[in-house]
Amino acid sequence: MVATLAPVGALLLSVALLLTGNGLQGTLLPVRANLENFGALSIGVMGSAYYVGFVAGCVLTPKLIRRVGHIRLFTAMVAVASVVPLLHAILVGAPGWWLLRGMTGLCMAGLYLIIESWLNERASPENRGMIFTTYTTVNFSVITLGQMLMLADDPLRFHLFSLASILVSLAAVPVALTRSPQPAPISSARLSLRSLYRVSPVGVAGVLTVGLANGAFWGMAPAFASQMGLTVPQIAWFMSATVIGGALSQWPFGRLSDRMDRRKTILIACGLACSAALLLIFTGFAMPPLMIGAAFLFGVFSFPLYALSAAHANDMAKDVDFVAIAGGLLLINGAGSVVGPMIGGIAMDRFGPLGLFGFTAFVHAAMTVFTLHRMRQRAAPPQEQKTDFVPMPSTAPVRADLDPRSDETASPPERSAAA
């Protein structure tokens with residue numbers, strides 16, 4: 001294991017620093033915005049701006065790499081991304097913060113993709129699974145650490161913003177010192193929405209559901225917790241519990257989905273995620289430990305949905321379409337993530353803070369009904385046609401060719417129609 005991971009240790013360290021800094025910002029900014037009386041809709045727009053930038057970064061990064069190269073682009077994006085938290089602390093105001101969050105989203109998408117392209121260059125069919133699993137574990141672990149750094153100081157002070165800046169800045173050091181050659185330019189293949197929907201309606205609806213619900217969660221949950229009266233340490237635990245729940249449930253749901261119609265697993269996860277969101281509403285007036293426990297359950301059932309939906313889409317597609325499908329699903333998820341925080345903010349403005357989880361409950365309930373409908377329309381694919389489930393972080397993009405399933409190049413059997 002050590003021999004496998006040693007060549008990519010510097011890159012994994014860069015990922016860890018980036019995600020820790022970004023995870024801290026993701027909780028710090030909504031909490032500070034709520035303390036500054038931005039209003040729920042304004043905080044929602046800020047969350048949406050991040051994902052607008054994120055989607056733009058996914059689209060623009062391959063083109064920019066072809067123009068200036070990986071190292072120059074990485075250095076430029078780290079410089080911008082490390083300055084932005086400091087500007088947040090200096091320029092406190094809604095319109096400026098919207099623009100700054102868009103800049104962060106663009107830079108983070110580009111930085112993740114550049115590092116993943118390096119990881120892919122060092123991966124082979126023999127070690128890709130180990131590298132991918134380690135990368136996913138690092139994602140979940142350091143996002144949790146980023147939430148817990150909220151305990152370091154008062155969000156009204158400058159120190160947490162400077163800490164986020166320091167972490168992002170340090171991410172440049174391992175990449176700058178790596179002796180790995182620059183990887184090949186990033187491909188950007190993807191299917192049209194219509195073609196992708198024909199391949200797997202449930203897969204498309206699933207990643208859209210994740211974008212809407214989890215985009216609203218990441219953009220608004222810290223503000224929700226603050227408005228419900230949780231202290232800053234309790235907010236940190238509230239957010240961390242959700243991430244930990246999502247990390248722990250990836251493999252159990254994956255193993256279950258490999259043994260049955262994957263749509264049944266999606267159905268179970270969506271139904272229970274809806275129940276967990278309703279539980280958050282009912283525990284909103286209870287003691288904070290009960291809210292944190294409900295948040296853990298929400299993460300358990302909601303966070304595996306992206307990986308389950310992507311696996312189902314791949315079950316229904318020819319292997320040669322793997323990269324195109326992954327690119328299309330990522331953009332659909334991004335589109336949902338742009339809309340979700342704004343709707344969540346409107347719901348909180350209209351119905352109070354509990355409106356956030358009323359919205360997420362509705363989204364998961366709608367996905368449950370749609371999945372039931374599709375299961376009645378089409379039979380499940382044969383067991384031998386299914387691809388293996390692969391856990392995927394919902395916090396960062398994953399290049400399709402870094403996924404271990406991209407090495408499955410054997411001639412595929414004929415696939416059935418859309419499920």
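The backbone N, Cα and C atoms fix where each Cβ goes, glycine too.
Bear in mind that TrEMBL entries carry predicted annotations, made automatically and left uncurated.
The feature transmembrane segment is assigned by TrEMBL to 39-61 (among others).
Residues 18, 21, 25, 29, 32, 36, 61, 64-65, 100, 103-104, 107-108, 110-111, 114-115, 158, 161-162, 164-166, 168-169, 171-172, 175-176 of the same chain lie 6 or more positions beyond the ends of the transmembrane segment (73-92) yet place their CB under 8 Å from a CB of it. What TrEMBL records for 73-92 (among others) is transmembrane segment.
What TrEMBL records for 98-119 (among others) is transmembrane segment. Long-range contacts of the transmembrane segment (98-119) within its own chain (CB-CB distance under 8 A, at least 6 residues past either end) are made by residues 8, 11-12, 14-15, 18, 22, 25, 29, 45-47, 49-58, 60-62, 64-65, 70, 73-74, 77-78, 80-81, 84, 87-88, 91, 131, 135, 171, 175, 178, 180, 183-184, 186, 396-399, 402.
Annotation source TrEMBL lists transmembrane segment at 131-152 (among others).
What TrEMBL lists as transmembrane segment is 158-178 (among others). Long-range contacts of the transmembrane segment (158-178) within the same chain, counting only residues at least 6 positions beyond its ends with a Cβ under 8 Å from a Cβ of the stretch, are 10-11, 13-15, 17-18, 20-22, 24-25, 28, 71, 74-75, 78, 81-86, 88-89, 111, 115, 118, 149-150, 152.
Among the features that TrEMBL reports, transmembrane segment is placed at 199-220 (among others).
Model confidence over the domain 'Major facilitator superfamily (MFS) profile' (199-419) is summarised by a mean pLDDT of 82. Under the heading domain 'Major facilitator superfamily (MFS) profile', TrEMBL lists 199-419.
Summarising the annotation, TrEMBL assigns transmembrane segment to 235-253 (among others). Note on the transmembrane segment (235-253): residues 27, 31, 136-137, 140-141, 143-144, 147-151, 217, 221-222, 225-226, 265, 269, 288, 291-293, 295-304, 307-308, 389, 391-392, 394 of its chain, located 6 or more positions outside it, place their CB under 8 angstroms from a CB of the stretch.
Residues or ranges marked as transmembrane segment by TrEMBL: 265-285 (among others). Counting residues 6+ beyond its ends, the transmembrane segment (265-285) has Cβ neighbours under 8 Å at 202, 206, 209, 213, 228, 253, 256-257, 291, 293-295, 297-298, 300-302, 304-305, 308-309, 312, 353-354, 357-358, 360-361, 364-365, 367-368, 371-372, 375 in the same chain.
Using a Cβ-Cβ cut-off under 8 Å and counting only residues 6 or more beyond its ends in the same chain, the transmembrane segment (291-310) has close neighbours at 202-207, 209-210, 213-214, 217, 221, 225, 228, 230, 234, 237-239, 241-250, 253-254, 257, 262, 265-266, 269-270, 272-273, 275-277, 279-280, 283-284, 325-326, 329, 333, 357, 360, 364, 389-392, 394. Among the features that TrEMBL reports, transmembrane segment is placed at 291-310 (among others).
Feature annotation from TrEMBL assigns transmembrane segment to 322-348 (among others).
Taking Cβ pairs closer than 8 Å, the transmembrane segment (354-372) reaches residues 201-202, 205-206, 209, 212-213, 216-217, 220-221, 224, 263, 266-267, 270-271, 273-274, 277-278, 280-281, 284, 298, 302, 343-344, 347-348 in its own chain, all 6 or more past its ends. Positions annotated as transmembrane segment by TrEMBL: 354-372 (among others).
The region 'Disordered' annotation in TrEMBL covers 381-419.
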